[in-house]
Amino acid sequence: MNATDMDTEAAFRNDHETIAGEDPFAMFGEWLELAHRKEINDANAMALATADPDGLPNVRMVLLKGFDREGFVFYTNTESQKGVELAENMQAAAVLHWKSLRRQVRFRGTVNRVSAEEADAYFVSRARASRIGAWASKQSRPLENRTALAKSVATEAARFGISDIPRPAFWTGFRIVPNCIEFWMDKPFRLHDRLVFKRSHSGEPWSALKLYP
């Protein structure tokens, strides 16, 4: 079922629907489109999990900024905690949970940097203040106070003036290339519907199976 064909209350009738499909990326696109219509804020927000060198996981919310048949893309400062952890361990997992839909999608796999051209194209699409912020913020490092951050922003704004703001070398995008994608739909009495797609490597066909809730 295409999300655009669903009436405004369809998301709340999970009780009578089941998850079905053969193409996880197409299914994700339909669910995300519906979420953009129903969620109050940031339907593309996802919890991203990485791990430090000791294997201790860290998780934080980031924004999914794109997806295609290769994977799911987000952007960050490479000197941030997640950037440093990804440099050591290029694997990650993420989940998007939509309370208004009573649905979620989670995926995991290897992580690759996007091309410089792709990162540049996205960076230039950001608001000018956000581009300045990318230069001003020493992400994940100690901050004395908000005044110090404001001064850093002012310094970078003065440095660039009205000129173009290039993408910092320490700021780029990452693509999670999934080997597992699971769709979850809430059902009464915790008898939820789960459909998982798996593959060994990118480009291989997906196998799909239902899971007990």
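From the backbone N, Cα and C atoms, a Cβ is placed for every residue, glycine too.
Look at Swiss-Prot and you will find R60, M61, V62, L63, L64, K65, Y75, T76, K82, Q104, Q139, S140, W184, R194 tagged as FMN binding site. Other Cβ atoms within 10 Å of the Cβ of Y75 (FMN binding site), summed over all protein chains shown, number 20. Secondary structure at Y75 (FMN binding site), as computed by DSSP, is strand.
Counting only same-chain residues six or more apart in sequence, the Cβ atoms lying under 8 angstroms from the Cβ of Y122 (substrate binding site) belong to K65, G66, Y75, G173. Look at Swiss-Prot and you will find K65, Y122, R126, S130, R190, L191, H192 tagged as substrate binding site.
R60 (FMN binding site) falls within a strand segment according to DSSP. Minimal Cβ crowding within 10 Å, among the binding-site residues R60, L191, H192, is found at L191. Between the alpha carbons (Cα) of K82 (FMN binding site) and S130 (substrate binding site) lies a span of roughly 19 Å. Within 10 Å of the Cα of H192 (substrate binding site), not one of the binding-site residues from the list R60, V62, L64, Q139 places its own Cα. For Q139 (FMN binding site), the nearest of the binding-site residues by C-alpha distance turns out to be S130; the candidates were R126, S130, R190. Within 10 Å of W184 (FMN binding site), counting C-alpha to C-alpha distances, fall none of the binding-site residues R126, S130, R190, L191.
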